Amino acid sequence: MVGSQLKQLKASLRDRGRLGPTPSKKQRKSQQEARRQSKQSELLEAQPVKNAKFDFLNGQARNGSNKDSAARERREQARRDGILYEMQRKQKVGGINDRRFGEDDPTMTPEERAMERFIREKQRSGRKSGVFDLEEEDEDEDGLTHLGRPLTLKDDFQDSMSNDSASDGGVQRGVKRRRLLNGEVEFNADHQDTAQPERPKTKKEVMEEVIAKSKLHKYERQKAKEDDDELRAELDADVADIFALMNGRKATSNAMAPVAATMNPDRAALINGNDREQADREYDMRLRAMVQDKRSMPTTRTKTEEEVAQEEAARLERLEAQRLRRMQGEEFSDEGDDVVADGDEDFYGGVEESIAQPRSTNSTGFKPRLLLRQQDVEDEDEFDLDEDLVAIGSDESSLQSGESSSLEDAVSEDEDEDEEFVMGIATEDDDGKLLLGSSMTKPRSLEDNLRLDLAFTYACPQSLEELLAITKEVAYADLATVIQRIRALYHSGLAEGNKAKLAGFAAALVEYISYLPRQKDRPDLAVLETLIRHIHSLAKSYPNSVSDAFREQLRVIQKTRFSAPDAGDLIMLTAIGSIYPTSDHFHQVVTPAMLTIARYLEHGFPTTISSLATGTYLSTLALDYQRLSKRYIPELVNYALYAIDILSPEPSTRLTSVYPDHTSIADLRIKGDLKDSHFHESLSFWVIDNLTIDDKNLEFVKISILAAHLELINTIVEQWISLSAYPEIMSVVLESLDHLSSKNSLAKLPNNIRQLILSLKGNVESSVAKALQTRRPLTLHNHRPLSIKMSVPKFEDSYNPNKRYDPDTERAESSKLRAEHKKERKAVIREFRKEARAEAVVQLEEKKARDEAYEKKYKRLVAEIQGEEGREANAYEREKAARKNRR
């Protein structure tokens with residue numbers, strides 16, 4: 001078994017006689033003979049082996065020179081030298097490498113070294129200069145000079161200066177000016193011999209001179225081109241005369257008549273004697289138009305959102321301080337009030353322009369929107385209030401010519417408030433379409449937004465109790481102003497903790513819109529819509545807080561009153577549909593809200609007219625949720641058909657067979673003979689409260705709810721006609737419409753309701769027939785027959801058993817890469833081992849040199865000590881012998 005490298009090294013050194021006992025004479029002779037024979041063999045091996053003359057047996061035969069031991073020894077020596085240098089430079093950083101010529105040459109004298117360096121520097125500078133050197137001069141360097149400048153040197157601008165100095169005293173001034181420009185000074189005769197050599201030009205001066213010459217040449221070329229153009233134009237003008245002379249006729253003169261001087265028409269009219277007052281009036285009108293031109297006004301810098309919020313917060317604080325001084329009776333200038341009014345009007349420029357606009361409604365007759373706004377109004381969320389916010393069948397003039405009372409009048413007059421519905425339960429226009437109520441209150445004007453008796457600064461409420469404490473003394477009409485000021489004071493860019501405060505404020509607003517409709521002095525629906533717009537705007541910046549607040553309200557509804565939601569719950573569900581995208585299949589807020597609505601429609605059978613109105617509103621809201629996605633809602637169809645059956649003047653046998661019998665609890669059928677009347681009534685949103693319904697209007701409320709459900713079915717036809725199960729869905733609807741369109745039932749309904757029923761029935765029948773025609777039966781897929789796979793053996797012509805064949809290319813590439821990596825790894829390890837062996841040899845040689853030096857020094861010291869001791873011993877013996885002789 002081969003030993004370790006250290007043992008092999010010791011064995012090789014022992015064989016060479018470096019280690020071990022001293023060999024005998026016979027052994028030395030044998031070693032000398034072996035060395036002589038090895039030298040002879042090395043001489044033979046040093047000659048490279050020539051290639052075979054006819055190398056046809058093996059084309060890959062290796063050259064014999066690769067086995068040359070001398071070359072191998074040289075490689076080993078080079079490796080040892082490199083390792084020795086690395087070992088010497090190990091843990092050493094820096095150092096100075098003197099690369100000056102001849103610095104380490106001991107054979108050169110200092111004079112020779114300096115001369116050689118000077119010659120090399122001149123040669124280097126000569127190589128840098130070229131043909132295009134701008135500093136190279138044509139004259140000889142040994143020419144005549146004056147004050148370090150050659151006499152032939154002349155600047156480009158001296159010729160022009162010499163012409164200007166021809167006047168009296170101009171020569172002296174020109175010479176002096178040139179001297180000053182050239183940087184010269186006047187010398188006395190005694191100092192003329194101490195002239196300084198010429199200063200070489202810098203790169204900047206050279207480039208300036210080149211640029212000046214380039215511009216001069218460009219100007220000369222341009223001037224020559226202009227002269228050529230003028231000459232060419234003159235020749236072109238004379239071409240006609242030349243042709244006329246050649247043809248033998250007189251040339252006609254083409255010279256143009258001189259143009260008379262023109263004058264401003266207004267000034268000419270004034271000189272001719274026109275009215276002076278008329279001219280002054282026209283001047284004033286033009287001046288006023290120029291002043292009012294926006295292009296003549298200076299523009300202000302576009303400010304960031306943080307800067308605008310900071311300025312608005314400072315302005316509100318200043319207004320609050322002025323309000324407090326005004327309440328205390330202190331006097332201050334009226335100009336400040338004007339500034340306050342203007343500034344507040346600019347900021348609170350209408351609620352509809354500063355709050356996000358909810359989503360547009362669907363085209364159903366029962367629209368769960370709180371307020372219709374005018375079109376083409378931009379809000380702070382950067383999108384327009386489009387025409388989708390207006391109910392189908394209503395025109396814009398009805399919005400403008402409707403109730404023009406302000407919010408304060410709407411709040412004070414309960415009768416007008418009771419006549420308003422969110423969008424109107426059922427309203428009829430001239431075309432016979434049912435739509436949501438169009439008699440909405442008009443938005444407040446810009447002047448009404450500013451209330452000087454209203455505080456300008458408030459604390460940011462974090463809960464419903466704090467918000468109620470702040471708004472306790474605030475009128476409903478001023479809620480939008482208070483909320484807007486709170487948002488401006490606590491803008492997220494003004495302070496570090498404002499984001500958390502506004503997040504809590506948004507959650508409190510969600511509870512607030514659900515709290516207000518439950519109060520006896522409930523606010524106007526326009527106020528609730530304004531609050532929803534604020535929540536919509538805050539939900540974009542604080543989505544987690546707003547969504548958590550909505551989910552908490554939905555959780556309370558599911559636990560306490562899922563079968564009897566109140567007005568606050570309906571407003572909150574409407575706000576969810578306005579704020580969030582209801583077309584999403586899964587949404588953390590919309591999905592629970594949709595489940596809440598479906599649960600009421602499935603289990604909350606109506607027992608009173610108010611509960612029936614609540615279900616009607618939720619049915620329309622559910623259909624509006626699925627306006628874009630057009631998903632099928634079975635609870636909606638069941639509730640609509642149940643409501644139609646219980647409102648029908650005549651009982652239906654289908655009602656007792658399909659739905660539970662609730663007729664014993666409350667009789668909600670339409671009673672009385674109304675066939676000669678024409679129904680046109682708008683219901684209030686607060687019809688869900690029994691207190692707002694009297695016996696006089698009870699029948700009209702029932703008819704309004706029936707019309708709303710009929711319009712709801714009409715919207716279902718438009719949305720669900722693309723469903724594959726549409727004929728089966730509408731089959732049960734046709735049964736209810738058949739019963740409602742019977743002779744006995746139609747006889748007790750108003751004329752327009754009868755027309756609506758008949759038209760709806762015809763629409764449903766035609767849509768079902770069309771759906772059945774377009775329906776395709778289920779068929780199997782017609783696939784192309786697949787071919788049978790053939791297993792043909794694969795033969796390789798150049799098959800090599802030592803070669804690996806893999807049909808998978810990726811696996812073959814990976815195996816090839818692994819083999820290459822393994823090969824490279826072995827080569828690197830082999831090199832490491834060679835370097836380690838070489839390093840061990842170098843270290844052993846160094847250790848041997850150190851040991852030899854130590855042994856030599858040790859022997860020298862021992863010899864010195866022994867010599868000194870011998871001399872001292874001899875001296876002692878002589879002294880001892882001398883003492884004996886003296887005795």
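Our numbering is plain: 1 for the first residue shown, then up by one each step along the chain.
Cβ coordinates are placed from backbone N, Cα and C, and glycine is handled just like the others.
Caution: TrEMBL annotation is automatic and unverified by curators.
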Under TrEMBL, which of the candidate ranges 292-313, 798-819 is annotated region 'Disordered'?
798-819
For the compositional bias 'Basic and acidic residues' (110-124), what are the same-chain contacts with Cβ under 8 Å, counting residues 6+ beyond its ends?
100-103
Where else in the chain does the region 'Disordered' (798-819) make close Cβ contacts, counting only residues six or more beyond its ends and a cut-off under 8 Å?
none
What does the DSSP secondary structure composition of the region 'Disordered' (864-887) look like, as residue counts for helix, strand and coil?
23 helix, 0 strand, 1 coil
What is the three-state DSSP composition of the compositional bias 'Basic and acidic residues' (803-819), stated as helix, strand and coil residue counts?
11 helix, 0 strand, 6 coil
